[in-house]
Each structure stands twice: as structure tokens, then as C-alpha cells.
Amino acid sequence: MNSQNIIRRSATSSLTPAPQIRDHQVEVAKLIDVTTCIGCKACQVACNEWNDLRGEVETNVGVYDNPRDLHPDTWTLMRFTEHETEDNGLEWLIRKDGCMHCEDPGCLKACPAPGAIVQYANGVVDFQSDNCIGCGYCVAGCPFDVPRISKKDNKAYKCTLCSDRLAVGQEPACAKTCPTGAIAFGSKEDMKELAATRVAELQERGYDNAGLYDPAGVGGTHVMYVLHHADEPGLYAGLPKDPKISAVVEGWKDLLKPAAAVAGAVAVGAMAAHFIGVGPNTTDDDHPDGRSGLRPEDETDTTEAGKVTNLPRHAAE
Amino acid sequence: MYGTKLNLGRRQFLKILGAGAASVTATAMGLSTAEAQVAAAVRPYKLLRSKETRNNCTYCSVGCGILMYSMGDGARNAKPRIFHIEGDPDHPVSRGSLCPKGAGLLDMIHSKNRLLYPEYRAPGSSEWKRIGWDEAVKRIARLLKDDRDANFIAKNDKGQTVNRWLSSGMLASSAASNETGILDFKFARSLGMLGLDCQARLCHAPTVSALAPSFGRGAMTNHWVDIKNANVVMVMGGNPAEAHPVGFKWVIEAKIKNKAKVIVVDPRFNRTASVADIFSPIRAGSDTAFLMGVVRYLLETGQIQHDYVRAYTNAPLIVRADYSFDEGLFSGFDAQTGNYDKTSWTYERDADGNALRDPSMSHPRSVLQLLKKHVDRYTPEVVEEITGVKQAEFLRIAGIIGSCAAKDKTLTWLYALGWTHHTGGAQIIRGAAMIQLLLGNIGMAGGGVNALRGHSNIQGYTDLGLLSTRIPGYMNLPTDKQQTLAQYLEETTPRAMQPGQVNYWSNTPKFFVSLQKNLFGKHATRENDWAYDLLPKWDRSYDMLAYFDLMYQGKVNGYIAQGFNPLAAMPDKNKTSKALSKLKFLVIIDPLVTETSNFWRNEGAFNDVPTEEIMTEVFRLPSNCFAEENGAIVNSGRWLQWHYAGQEPPGEARHDPRILGEIMMEIRRLYETEGGACPEQVLHMTWDHDTYHDPHSPEPEEMAREANGYALEDVYDDTGKQILKKGQLLDSFAQLRDDGTTASYCWVFTGSWTEKGNQMANRDNTDTGLGNTPGWAWAWPANRRILYNRASMDEMGNPWDPKRQILHWDGEKWTGADVPDFPATLPPGSPAQPFIMLPEGVGRLFSEKGMVDGPFPEHYEPIESPIAGNPLHDQVVHNPTTRLFRDDAERMGTRADYPYVATTYSVTELFRHWTKHSHLNAMLQPEQFIEIGEKLAADKGIAHGDTVKVTTKRGYITAKAVVTKRMRTLNVAGQEVQQIGIPCHWGFEGETKKGYLANTLSPGVGDANSQTPEFKAFLVNLEKLEGASA
């Protein structure tokens, strides 16, 4: 992964694309087998340790989820769900949450800062923090609610899939450390094959709905799950059943028009160039019903009430 | 505190644009600017060219391999400082993995709570004062010597030579290396200390008490990787997914590759249960009833491996006619002393002393028939009544267990402290041992009774004899009554009980004399019985519970706690606190701040002590941690793994051997110049310039070699052929002699460092079959990986299961994937049986005289029990041999006042009370919580995250409530029983939220065989606290 295998680059015109000639690369993927995950959080620690991140010591609020949420310095965490089955059995469903490294990344598409988000030829979606303007559009654009903006530096952060380790031929820190092997790493092809054997084994054990989570709505992901209940991903702490790229790009149009007016006539031409560049990436037509990963703001008000922002949230309202 | 997670609307975005409209807009439109041209680049790889050092994780007994990366490339001018740690992919067990504790090791090494210089707390003072090492060493040596001289007991009341010192004691670490452990032993015993114990007392002492009398050795029978060979994984009394996550890798492997069924029986639906096929809740403290129910089921349905049982267990042996069991008591009980006379607990013998045998196993006094009779009471109904396990569930589990009686199926039994922490802990473990013998699963790949040890080197510290009445290599320290060497050896060297047996303990004199030669060198001579008098003799056990009780009574003056935090680790913290307050001096040797070192400090409600009234002088000496030393630790599979230092200890911290060495050399100087009580006990110990290049600071390699042992003279075999030259390192314990020509500190370690070099550092991970890697590290004994592996074949050497063939006879010797646990050249069909450490040669269903509380397990209620009596026998409710001190008895509560059953445990994010000092781990479980079921929560009006108060007769703690479906209400003996889970990790020191020590709650009573406390079943009350914080 270097500057010559960037297959997508945020807010970049196809007239001036990112260098990508070295694109003969194997697509990689991380396969998280939720059925053999014991929720030990080793991946959380390995992630923090490798990436030199130290979050705060919080409090216990009556659950095992700690830290309580993803954070600029917590790029992955376990989400625990106690699920009672129809036959009075109990399942403790534990899902490692974090960036899914979508093939068709909503964050990248939503990002207005050129080169702040890139996708490499191996599928990794990486944030280039130098270019990040902290606008939060990646947050809105992510159907999995993953990126977080730091109030330290007003930049967005998330899992890099350990792009620095991948670049030297190593596996991501979380995959390496996973005690039970619930996190596997390899080529996407191999991971799909592994998933198939896992699904077959689970079906043999009576999990008729076991399956692979590699959602088509985002073009598939480079982080996939094996689920016992692939028919109900929502059981796993709200994993979206059919994630789609948000309608944020719809907002793009609305935004760019006035912006262009400000910039003047020359800019209009440039804007046209831009649309040629980003146009093919927009997916607003995919959401005729207006459903998107972008949460309605009233919902945001309740769920995010405790979170401090360094940007005016409702300043214009 | 949270990062912003923005959902921007259109107008918001416009506002942002307003701030830097021109540039943002321009770049947003794809126009090139200098800023946007910053090349996309991944973060530079941070390990390139840094120094990589191999070590092992310091936490649990899986012993994962780690790679430590330190600053600099090894150049002399760069001071190495470890900045990253990750798993060693070559390690056969961990294969690169680390659990959350191991993955966070970096923050333990660099914890802000590392001790950096020696400190002193004066009597009554509320603060630490920094002092110099020389001052600390001189004052500590003086205090120890004065106390020893004043209180040394050369002879007891009967005039017997005992040479002991009781008024000061020592707690040895469990994460320090073997090499430090050897010095611990020499330090304590050279002063005559009996109040010597280590963490094993608080964890797996019952394992040794149970497995040694069952199979011959008190250790995990198989090893971590071997778990993958199982068809059924039975987890009871343990929670390996949380406590041993990386070892649990091999459970998942069995599940995936071997289609193994995983069964969990536990009071709590835990993380192991989350990936199990079957989970059944059970009442804490009732496991023996469950297991005896399984034994009954197996015998009744005939689901036993008949050939194995007949050939390799004592089922056919005939027990004496005066053995009996009636209404909860075995024959020989003395109600006055609470002890058994075990005379009748043995076999009927012929004139040669051999046990009588009925191969048909139908004799009414054959072990098999007696066992049938004993377990007859444990019907599924009774099991349900006592344990709360529904009959259907019990039978389903028993059926799966029974399926492993087939010769080609094995069950591995995994347990840990969930079994050891009971007044009948050792007998619970016996239950599993018996089931595995009945199923023919001992010695088999994928079988065994696998004691998952706790701390990283607690197996080593057990091997090294760091327990009150032990000496190295599983021998006992002599008692007052054993006044001569001859008498001691006569009483401790067993005679074979069946013809033709190996009976390897018949070599006890060789092990013992070689130990004495190691300890006392030239001062151990044939004339002085190899310095036998210099070993302190014991009149009673001075285990931790006993010793802290003496301390509580004001009978102990001085105490050394090395790498140990007894205020947090002992039961009944408030009593422990009062006991420590009565010491004259306390010496702490630790890398980290511990609650014990600050026991005198008032921390408000969390540690409400009258500081100014506590007259204990406290010295706090900073030591190295694992990452800063060379040495070996022993994992649960008995592998001695050598590790290397990646940096120097921080600040003024010193290596443990140097700390001990400086104090010992000062004590010796004082004895040399002043004389004192029995100076030869101190001065004759091999801690001098003849033994170490620098006795002030012995090198780990020196101790490692003395553990292995040397030839002191040329050594010859029986035929007169010379096998060793004087000064040569020994190859094997078979070379040990009882004539003073060999020396070895720990006979089971012989072979670990030979003339071929340090075998513990071996790193050939070649799999020789079934997951055995004999080229990796070195396992005691004799590098055997699966104990009793001769039992994997019938008497003629045919494997019970060809797919699990570990060994075969090649015409001259046994050979194969593992080192034979049998004389290598003793051919098939020999009368010798596979259990070579037992005088019968066979595994024991009937434990003969091996246990203090009966040859068969029996269910007794915990000391604090939630039901009215014992459903089996009203008159004998509790284990009748339980030792309960008066002061502790007064601190026990009743079911009327404390209606709920509590059990303590570890959760996976934290390791005991250590990782709360690691920021990376503190983040994961920041605060004391308890787990309660939804019904109890509803009854008490408790919701998620409420603060609750948990009370026992001994004190209370507050905690956050985790209300969970994973704790269920049980029906036991006709009543509802609610159980409360209390993780035990937090305290008033560390990076986690300050709080109470959970062991404020647990009771001060121990397992009858080993005095390991009953942390796992006691009674509490629970209430919601309004408006308070934990």
C-alpha cells in the first residue's frame, strides 16, 4: 500500500485521480466468526497497543461493554447481547464492532476533503488524517456508525485494518492476537472459503440460518462476519440487515450548488469536473425511499445526548 | 469524554464552510491544492530494526510466547525500553495469540504504579519515606536476625531437635522465575522458617492433594495443545475461555476439527458457556454430588472402559474388612480431634505385602463393588436436589460423558479454581479423576484431568516446594517425629503394593540426599545424615490461613511478601488487615504498588484503618518484572520455558535474586560476626562464593543449573561403568544417588539443563504427532508431555485407539510421539503397570490413605450453606475434617441473615489484582461489579448499573450491578436458591476505579486436604444503595 495503489480517493475528480497503477493486488479480508468469539477483548487491547491509543478508564454501567462505545481512541470493541432462544435457551452473542472496510465505502463517498479517505487496491479503507477537515460527513456516510471525531484534533478516526502491518506483510494486530482464532485474516477469497466451511459446520450443529455477512448493499465488505443467525443480524447489537450507503451524497448536490454560486462562474466549470469525478460514486439513486445510514437528527439528540461535540450541532436550527 | 459522532445536516455543513469557505470549497470541487496533494501513505511500520526479545507472558499458566520490542537495535549506547509486545507465532500453544491481559503487558511493565526506589513507612506514620538500598538491607537483616535469635526453637517441648523459627514468615511470588524460587526456598529454610507459602496455597494446592493420590503426580496430566484431540470437552470448576483464553484455542480447535461437544457446568453462564454446546447451571459448592451421580450412572449403565478399569485401576483390589462408610463418616473418625485414623483405608494384603486382587471385580470388598455401594445414593433425583441441575439435563450430560467409555473416544476434563476453592475441593477433583479412570481416559491423547493452573509460574513454585510443609520435587519436609534421616526415609519411601511394579518413589532417598547435598554442600555428610538436622521440622501446618491466624493473635513479628498481595488475595480482608497491623515489620518485594504494602493507609470506606495506631514498620523494595530478567517459568502443561530480559528494571528497582542476595549476605555477615541462634543453619546453606559467582546477586543461570544438578564425584552405574564425570551436569534423575555423589535441588527438573545446554530454551516446534512438540522447551518429568502415556495401550502394547497412538514398542524400547512415561525398555506384557509413581502401579478409584477426608468423595455442604442441612446425612452436614479456627468460626454467617449464595471468580479482561495497574486492561473492566439474575434484581428493585451493597458476616463491599439472564434461580432441597457472582479484581490501588477488595466477603476456611480457602461458595446479603457510588 503506497501512493500508487489508491483506487478511490475522497473528493477527487477523475480528471486528477489518485495514482493507482500498482493495482495488481490481492483483496484482503478479515473474517470474524462470531460463533467462536468469546468476547475476551484481546483484539481491543491489541488494537490500542499497536496503534498507541489509550482511552479513558470509564465506569461500569451494568454491562460488559467497556469502553461503552467506539471513540477516536477506541477503534474496535465488543458488543454483548443476551439472547433468549425460542426453546428457553440462552445465547450470549458477542460481536466485535469496528470498521467494515466496505468495498463501496460510504465514508469515502461522503467525504468532501480531497484525499482524506482513500481505498487501496487491497480493499483497505484508510483515513489520511492530514487531509481531514473534521466535518463529520464520514460519520454520516457510514452505514455501520463507525468513524468518530476527536475533540483533541478535530479529525476522524477509525480502524485502519492495520494498514501499516499489512504494508510489511503482517496480519492486523487484532487478527493475530485473537485467542480462539475467531478473527481470521487472509485474501477475501480464502476468507469466503473459510466462512463456507464454518457455515457448513454450524448448520451441521443445528444452526440452520448460519451464514456469512458480506452485505451487497455496500458492495461487500473487507471485514465479514460468520453469524449463527445470519437471517437476523440485528440480534448482534444492531448489525444492519441490509446496509446501504447513506443519502448523504444527496446532500452533496444541495450543498455544492450554493457553494458553487459563491465560488463563481469559473468554479462552476470545475464543479462540473468534480461531478464527473465523483458522480459515478454517488448512490443517491439507490435510495429512492430516502432510507439511509444517516440517522434522523431527533434520534441523534436522544442517543448522543451525553456526547460532547466541538462543533455546533444544531447551530442553524 | 466522548469523541464527536456527528450527523451533520445541510445547514451545519454550510456553517463549517463559512469558516474556511474558499479553500474547502475549492478542494471539495476537486481542484488541486498543495494541501490536497499530501501523498496518501500508511503509517510507518514501527518495529523495523528495533530489538526483539523472546519471553513468556507473566499472567496465567498457558505460558504464551511473546515477542518484546525495545528501543534501539541493541547498540550499547541505546538504553533498551520495551515499547511493544505481541505474540510469538512460533509458540506451539499460543501461535501468536495473546489474550487481553497478555496483549496489554506493555502497560504493566510501564505502569505508573511501578515501584522505583526503596521506601520505608515508620510506625504510626501516614507516609512513605524514600530510603537507600544499603539502609533498607541493613535494617531488614537486623530485624530478621534479632527476631530469629529471640524466638528460634532449637528443640521442642519433648526435647526433639526441630530448628525452626515461627515468629517470622515469608510469602513467595508465583510469577517470579524458578531461579528466584530456589533462592526463596534457600532464604526461608536457611533461617528455619515454616511460615513459608506461595500462591499455590490460594489456588491449586487441592490439585496436588487429589491428583497425586489418584495417579501419582499432582499435575495437569496432558497439555494445552492436546485438548484438540478430545471428542468431548467437559468444563466444570473452571472457565478457560476467560481464565486461559489462549489455551482455550485448543477447545475451539477440538470443536471445529474434531466435532467435539463442549459441556459447561457452572453457577454462571460465562464466556466458556457462550461457545459451548451444553450449559447447565449448578449450585456453587455441590459439584461432588454431580460427579458421584455421574459415577453412579456410568457404573449402572456399564459405560466404563472395562479392560482399562480391570488392568489399570485399583477396581479389582480388595479393601480391608474394617473399612466402612456410614451416615457421612468413614471408618476411623475421631470426633475429638476431627481427624480420621486411616488404618482401615487400605487393601487387604498377602504375606508379601501385596494387595489381594479379584480380576472379576465381583468381590464385595473389591474397590469396584465398594464404589458402587458408595455412589448408590447419588441418583439423578438426589443430584437434582443437592445441585439444582435438572434430572433431564444431568442425564443428557452423563450420557455424553458415558459415550467416552468407547476405546476410540476421549473426554478431556478442564477445571481450575472453581473446584479447588471449597472445603471439599480436593475431593471434587478426585471425582473427575475417578470418572476419567472409569472411562479409560488417563494417559490418552485428548483425555486426562487437566488442572489449569493459575499464575504463570505457580506450577514451578509448587514443583520447587515453596509450601509450608513441602520440600522440592513433591517431597515433604520432615516432622518433629521424624528425628532421624533413616526414620524419615522409612516413612516416606513407599513399598510396592503389587508385584513387579516400578514404584518410582522407591527412589526417594536418592532425591532427598541429592537435595541435601544441593542445600548444604560440603556441610552435608554421611556422618551428619546429610545435614538432616538443619532442615526445620514441623509440628503443624503453617499454611497461609494458619499463619495469618497466628498473626491475628499477635504471635508473628515479621513477614516478607514477595510478589504477593495477601490483603487482596486472602479471604476475609478485614481479618487480614488486623493481622498485618499486629506485625512489627513487613517487607514488601514487588514491582508494583499493592494494597498490602499500603494496608496501613486510610482510604476512607475502602480501607478504613486507624493509621496512627498501626505500629508496623513497612519496607517496600522495588523488584524487576518478568520482562527484565532471564529465567524459566513452568506452564500448566509442565513445560519449563526459558525467557530473556528485554530491558533493565526501572529506577532503582533490582532483580529479585539481588534483593534476596543482599539481605541474605548481610544476615550471614551478622551471624559470622555476632553468632546467634543455630548459626550453622544459616551459614551452611549453599549461598556463598563456592556456589555463586556473586552471592549478593546470583545469576539465574546458576540456579537453573543447580536445579538440574551435578555429579559431585565420578558416578558409576550398577555394572561399574562410569556414567558421569565429577562436575558434570546430570542428564536425568535416574542418575541421582543417595551416597552424596550427586546434588540436585529439584529432582523432577533434572534433565532441564544438561551438558548439551539449556533444554528449557529449546525452540523446535516440530509436531511429532497428535500435537506433541517435545523439541519445544522442556517438560518435567523427563520431557514427557502426556503423563501416564503407557496407559494409552493395553498390557500387550496395542493402542486402545489406533488413531491416538502415542507410543509403540519397536522391539527394543517404547518410542513414538512422546517420551514414554514408563521404563523405556520394559517390554509389553511386563507385570509393571502404567502408574509408575503409585506403589500399586494402577490408578486409584479408592484413594487408599492418600486423602485426609476419605478414600471416596462425599458431598458435604459448604461451611456457609443456603440449605438447612445435608440432604444425604443430617448429622454430618459439613466436611468433618475441616479445620476451622475459633476466630474464623465466629465470622461465619447463617442462611437466615445471609440468604444468597455467592461465588467469586475472575473475568477475562483482568488478571487477579495485577492488571488493574495496566491502563490497557483497566479500560476494559473499570470498576467492581457483581452479577445477579433478573429475578433477584426484580425482587430487590435493582437495575443495570445500580450501586449495591453486598454483605457477609465479615464485612461488606459496594459494587455496580450487572443484571443478567446468565445467572439463574435454582431449586435446591425444596427451596429457591439465588446465586451472586462476584469478580475479584479491583481494590484501592491501580488505574481502575478505587473500590473495596472483594475478598472482604470470602470466608477464612479451607479445603480439608490443603487449606486452600473456600472462595467459591459462601453466603451474602444484598441491598440496593440509593445515591451512593461504588
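Glycine is treated like the rest: Cβ placed from N, Cα and C.
TrEMBL annotations: computationally assigned, not manually curated.
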Among A:CYS47, A:CYS135, A:CYS142 - the residue TrEMBL places in the same [4Fe-4S] cluster 3 site as A:CYS99, A:CYS102, A:CYS107: A:CYS142
Same-chain residues near the domain '4Fe-4S ferredoxin-type' (A:28-58), Cβ under 8 Å, at least 6 residues beyond its ends: 64, 66-68, 71, 73-78, 80, 92-96, 98, 101, 122-124, 159-162, 165-166, 172-188, 191-192, 194-195, 198, 202, 207, 210, 221-228, 236
Integer Cα-Cα distance in angstrom, A:CYS99 ([4Fe-4S] cluster 3 binding site) to A:CYS159 ([4Fe-4S] cluster 2 binding site): 6
Integer Å distance between the CA atoms belonging to A:CYS135 ([4Fe-4S] cluster 4 binding site) and A:CYS37 ([4Fe-4S] cluster 1 binding site): 35
Near chain B - the binding-site residues A:CYS47, A:CYS107, A:CYS138, A:CYS142, A:CYS159, A:CYS162, filtered by Cβ distance under 8 Å: none
Residue from A:CYS40, A:CYS43, A:CYS102, A:CYS138 whose C-alpha is spatially nearest that of A:CYS174 ([4Fe-4S] cluster 2 binding site), among the binding-site residues: A:CYS43
The domain '4Fe-4S ferredoxin-type' (A:28-58) - residue tally per DSSP class, helix then strand then coil: 12 helix, 6 strand, 13 coil
Three-state composition of the domain '4Fe-4S ferredoxin-type' (A:123-152), taking helix and strand from DSSP: 8 helix, 5 strand, 17 coil
Cα proximity to A:CYS40 ([4Fe-4S] cluster 1 binding site), best match among binding-site residues A:CYS47, A:CYS107, A:CYS111, A:CYS132, A:CYS159: A:CYS47
Most Cβ neighbours inside 10 Å, all chains, among the binding-site residues A:CYS40, A:CYS135, A:CYS159: A:CYS40
Nearest of the binding-site residues (A:CYS135, A:CYS138, A:CYS159, A:CYS162, A:CYS178) to A:CYS107 ([4Fe-4S] cluster 3 binding site) - Cα to Cα: A:CYS138
